[in-house]
């Protein structure tokens, strides 16, 4: 990094890390900026008289979401009929409500998750030949978290293009996410200009603003990237993306979690923390609180940032706070997790330097995302956040719920089936072990204590049970005969053709590597076209709830599928051996059950360690980047 760039980086990040926002936005500069609709910063508008500023979660779906899902259902129904007919299966008596959920895990999760999505797209020749392509057109909801939120943002904002096309024609993920290869001073100048404009209006800024703008400049449409007009809001997506305007894509949901501070000053991200969701229509939560849960509420996301007291605006209204890049950055605020990454570094000097930097950020709350609290003084008798100025949000994966299942488990949404793509870093070799599902199951038991806050999560095994049963190496159906919950089709990342166990903190990918990640993610869903019965069984699982099937009345074909792919309720809690799958191999369970054909034998050596080597390199890359960032902040040992 050049001296000039480092100096400017210092100015930028020092401003962000140590700025203290005023209690309410300043508006004296607004006249100079006009509407500001080409800027990252929010802009002032007249307060509308026909807006419901706070909607209690117990009232069901918001009007915008309800209208979208109704329009979506009309498009989904003929797709379901066509896909079922192609498998020789009966058309369900009602249209199933299907969701997909993409886990967190940085670029690894974005690429692997979008690969899984590609496995459901007819536009992919390989997915079409594997006979799972086409099902995405039958999906109503799409939820993303952290790296999965990047997948959500790039896919939705680009109108649902094939991910390999986005890689070839748009993404520049071969350039480091925070420290671009070209090292242009303009990158930092633009970051400073955009974030400073937001700060000048009195809104809180933090590293999340910079993080989000950087993400957007790598994966959002070029016209909305930092060097052009970084002003794409979440609420504007249905009006600027025709495929969302006419409900041709699933409705997107991005989630984050709140962070609390204990009396002793310890920063806490609890597994039972409030889960917040962003949609093109609303921001809010279905359940407020951590230790005690009460019914949550929602506010129109278009006016997020407006100061509201007990359901009424305080005279000044704002638009533009819901920048899509900011929402994506909020869902992927990984800085707390960086502490975990430091434990494996070899340099004590490096560790001390970055730890000091992160500790300062944590103390000043610059490593979280601050949202002006629209729910201030609302329902103060039951609302645990009624007296907060800001809602403080972090990466929801830090609750260990690294798959955004909860929004799709809410009874009001009536979701029938969820395809859950898991790219979590759970094991020593950066593969999933079911922690995300198990954590959500345990959380669901707490939420079920109150009727108005419950979510409908089927039972799943322990983490040891996932590994010992091989459930973390191939798709598994959960909740097969529990018709009170959605059926979950769990799709873990597995090295079918590539060592996809790269580090969460790998901030750049060469295009060839990214392409292999996408293809491997697709094959984790299609099973590399190696199991002839899989497309039929996948169809059975997606539509089962709409038939109200159980083992007593399910069709012979689908029951045979469920006998094969459903979790049988076993849970071997014995400590498993180290999980280290072999690249280019078939999951042992598929071989043992004589399900797979036409796949080459695994190589003699375990090449998945290449992924570990890649993770080590990634760790070095991000460490050097953090050193430069810390140096820019002028931190000294």
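The backbone N, Cα and C atoms fix where each Cβ goes, glycine too.
Noted in Swiss-Prot for the protein shown:
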| type | residues | note |
| --- | --- | --- |
| SIGNAL | 1-19 | signal peptide |
| DOMAIN | 46-572 | domain 'PLA2c' |
| CARBOHYD | 56 | N-linked glycosylation site |
| CARBOHYD | 122 | N-linked glycosylation site |
| CARBOHYD | 246 | N-linked glycosylation site |
| CARBOHYD | 272 | N-linked glycosylation site |
| CARBOHYD | 314 | N-linked glycosylation site |
| CARBOHYD | 387 | N-linked glycosylation site |
| CARBOHYD | 433 | N-linked glycosylation site |
| CARBOHYD | 481 | N-linked glycosylation site |
| CARBOHYD | 553 | N-linked glycosylation site |
| CARBOHYD | 572 | N-linked glycosylation site |
| CARBOHYD | 594 | N-linked glycosylation site |
| CARBOHYD | 606 | N-linked glycosylation site |
Practice item. Can you check how the pLDDT averages out over the domain 'PLA2c' (46-572)? Key: 90
Study note, to complete from the structure: Spacing of the two Cα atoms, residue 572 (N-linked glycosylation site) and residue 246 (N-linked glycosylation site), in whole angstrom, works out to 47
Review point. When the Cα of residue 433 (N-linked glycosylation site) is compared with the Cα of each of the glycosylation sites 387, 553, 594, which one is closest?
Key: 594
Practice item. Give the helix, strand or coil assignment DSSP yields for residue 553 (N-linked glycosylation site). Key: coil
Exercise for review: Name the one residue among 122, 246, 481 whose Cα is closest in three-dimensional space to that of residue 272 (N-linked glycosylation site); these are the glycosylation sites.
Suggested key: 481
Review point. For the glycosylation sites listed here, 387, 572, 594, which shows the highest count of neighbouring CB atoms within 10 A?
Key: 572
Review point. For residue 56 (N-linked glycosylation site) and residue 387 (N-linked glycosylation site), what Cα-Cα distance in Å is obtained after rounding to a whole number?
Key: 18
Review point. How many whole Å apart are the CA atoms of residue 246 (N-linked glycosylation site) and residue 122 (N-linked glycosylation site)?
Key: 19
Point to revise | Among 56, 272, 481, 553, the most crowded of the glycosylation sites [Cβ within 10 Å] | key: 272
Revision key, fill the gap. Cα nearest residue 122 (N-linked glycosylation site) among glycosylation sites (314, 387, 553, 594) -> 594
Point to revise | Residue pair residue 594 (N-linked glycosylation site), residue 387 (N-linked glycosylation site) - Cα distance, angstrom, rounded | key: 60
Practice item. Using all protein chains shown, find which of the glycosylation sites 122, 246, 314, 433 scores highest when you count other CB atoms within 10 A of its CB. Key: 433
Check your understanding: Roughly how many Å separate the Cα of residue 481 (N-linked glycosylation site) from that of residue 553 (N-linked glycosylation site), to the nearest whole number?
Key -> 11
